[in-house]
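**Q** Features from Swiss-Prot:
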type	residues	note
DOMAIN	37-219	domain 'EngB-type G'
BINDING	45-52, 72-76, 97-100, 164-167, 198-200	GTP binding site
BINDING	S52, T74	Mg(2+) binding site
Amino acid sequence: MTNDPDAELIEAGRKLFAGDWQFFWASPSIETLPPMQGIEIALAGRSNVGKSSLINALTGRNALARTSHTPGRTQELIFFKGPGPLDAQTPELRLVDMPGYGYASAPKTKIASWTTLIHRYLLGRANLARVYVLIDSRHGFKDADDEVLTTLDKSAVSYQIVLTKTDQVKKSALDETMAAMAEKLRKHPAAYPEMLVTSSRDGAGMAEMRAAIVKLLRERA
């Protein structure tokens, strides 16, 4: 039995995501959201930033969340649920795969519909504990990301930046991106101060992200 709190969180995170995760609900509109139960954590980001791949990597399941190379494919809020509360201090978790934003080639009416759905969900979901805003480390921060962070700043929702696809950039370039992101976040005081650095392809950062989620769940218990 370890007394290292970080090691304990990592082990708890491993157990949480090693359970039976499955698709639970799809909501094309705010009116069709599932009943609020447990704690929800949402993944937001530009189209093709790697939200579905990250969910698959976190849960260790290659096809839990459907991935696509076609930007804008996810058009609904997709809910996934785990096996239930991990223990007395760690409540039930649901993951939410949100429609990608910033896909300019989609029809304007569809973009407007996605935007409305995303914003209404972010502002009106009492059991939403945190939004992980995914940023493609190859491309960095874009105007569409800034708009979403501004929306989150105006809400009561905690959010944190997750850099994705870090296996595809050199360390020097990644360091530059992280420095630029840190500077950007100075303008967004509601952002969680630490960034998560991940790769769904090689698993980098997954243990740390699972541990961070367990810590958050316990804080909300």
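A Cβ is built for glycine as well, from the same backbone N, Cα and C atoms used for every other residue.
Neighbours and distances for these, please.
**A** When secondary structure is read from DSSP and collapsed to three states, K165 (GTP binding site) falls in the coil class.
Neighbour density for S52 (Mg(2+) binding site): within 10 A of its CB lie 22 other CB atoms from the protein chains shown.
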